[in-house]
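Report on the structure given below.
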Amino acid sequence: GTHCATWRRELASGMRVPPSRLFCVTQERPLEAIVGAVSVAPKGLRSPSPTPGGMAEQESLEFGKADFVLLDQVTMEHFMENLKLRFEMGRIYTYIGEVVVSMNPYKQTQLYGKDVIEQYQGRELYERPPHLYAVADAAYKAMKRRAKDTCIVISGESGAGKTEASKYIMQYIAAITNPSQREEVERVKNVLLKSNCVLEAFGNAKTNRNDNSSRFGKYMDINFDFKGDPTGGHINNYLLEKSRILHQQPGERNFHSFYQLLLGASDAHLASLHLCRDAAAYRFTSEGASNNLLASDQSNFKAVADAMKVIGFSPEEIDSVYKILATILHLGNVSFVAEGDAVEIENRELVSQLAGLTSTRPESLLRTLLYRAVATGGGEVIEKGHSSKEANYARDACAKAIYERLFCWIVGRINTVIEVKNYDARLHGKNTVIAVLDIYGFEIFESNR
């Protein structure tokens with residue numbers, strides 16, 4: 001608030017603002033809270049155990065400056081020195097004014113849970129040590145007190161912990177709302193939380209820097225009624241990394257959903273999809289499959305299936321999702337061979353399997369894979385056979401398009417369940433929003449595809 005900014009300016013008089021090259025953020029209303037994320041190697045981390053008390057009690061000078069605004073000299077060297085000291089002392093959060101810098105410890109800590117939530121609920125931003133909960137609470141209070149929309153922006157490089165941060169923010173908001181335990185509000189909160197599980201399975205992948213890296217951007221609106229209870233939400237997705245379907249960098253994997261299906265589904269389920277339990281048997285999952293399987297894949301398959309049921313997916317819709325995943329895996333194994341001027345499919349048995357999974361006629365599918373429609377100058381449409389190179393390109397483009405449409409359909413399906421229905425401001429009061437923007441993590445590759 002204004003009073004906090006005033007006394008902080010007095011404390012920091014004569015100091016300069018941190019260099020813009022460190023964090024470039026714009027704070028304009030209605031943006032009430034911004035979260036930054038930075039990834040630092042986890043050397044010597046001691047997981048802190050939060051105890052009751054104010055910020056002054058828990059953030060003595062031995063832990064470094066809890067806010068970079070209070071640095072005596074704002075230079076890169078002093079900034080990094082303070083960041084390193086706090087990290088080594090188990091303080092993974094540090095403020096820059098209303099921005100919180102989060103360092104990923106790459107291990108479980110005791111910084112979250114019901115007891116910690118109670119310490120931050122209803123407190124002002126600087127009453128407690130820096131924490132994501134403090135930012136989430138500040139955004140919620142600003143929304144509720146001023147009846148204005150607020151937004152929390154989470155930014156940083158891949159592996160910095162943005163996805164986990166967004167989940168903790170969601171968990172905090174869910175924990176502090178609906179004290180009267182209204183059934184409809186609880187349903188909305190459960191769907192919002194469960195949607196993370198499903199979106200991670202189909203939109204996240206293992207990379208060299210992160211076992212659960214988001215390969216898409218997500219902007220989530222959480223709608224609140226005049227009492228401050230969540231009434232619904234909406235998810236926008238963007239920039240899904242479709243190229244990962246076809247190729248992965250050395251040591252990385254395709255999207256989690258493929259491995260969860262291959263390792264977690266029952267033998268009978270896999271047989272009905274004409275699949276085997278070996279990720280190396282499929283071109284789209286074979287790159288590094290031998291050393292990239294995660295122990296959680298099997299258990300996550302059941303967790304995702306259960307989450308889809310809670311959200312409201314019908315058994316037929318869930319079955320269709322897995323059929324589409326199987327279709328993409330089989331499509332990657334389709335190979336073409338040149339026979340004179342024509343191109344034929346080398347492994348014809350896959351065509352009948354693909355036709356069964358997609359509920360299409362084998363001859364129609366065969367024609368789609370081997371030919372393309374060309375419009376002549378007179379308006380006539382003719383079919384022209386692919387070359388072997390064109391057939392491979394079309395197959396891969398089809399696989400990417402199918403997966404993108406599947407992902408967008410899943411997001412849309414979740415939105416139909418969580419969107420605010422039959423809301424009338426004249427009857428229910430003003431509808432306000434807290435938005436959480438989880439920006440795509442940036443990476444540097446030897447070859448960008």
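Cβ coordinates are placed from backbone N, Cα and C, and glycine is handled just like the others.
Per TrEMBL, the feature ATP binding site maps to Gly156, Glu157, Ser158, Gly159, Ala160, Gly161, Lys162, Thr163. TrEMBL lists 63-449 with the feature domain 'Myosin motor'.
All protein chains shown were included, and the count of other CB atoms within 10 Å of the CB of Lys162 (ATP binding site) stands at 28.
The Cβ of Gly161 (ATP binding site) has 22 other Cβ atoms within 10 Å, all protein chains considered.
Under 8 Å, Cβ to Cβ, and six or more positions away along its own chain, Thr163 (ATP binding site) finds Glu200, Asn204, Asn212, Ser213, Ser214, Asp438.
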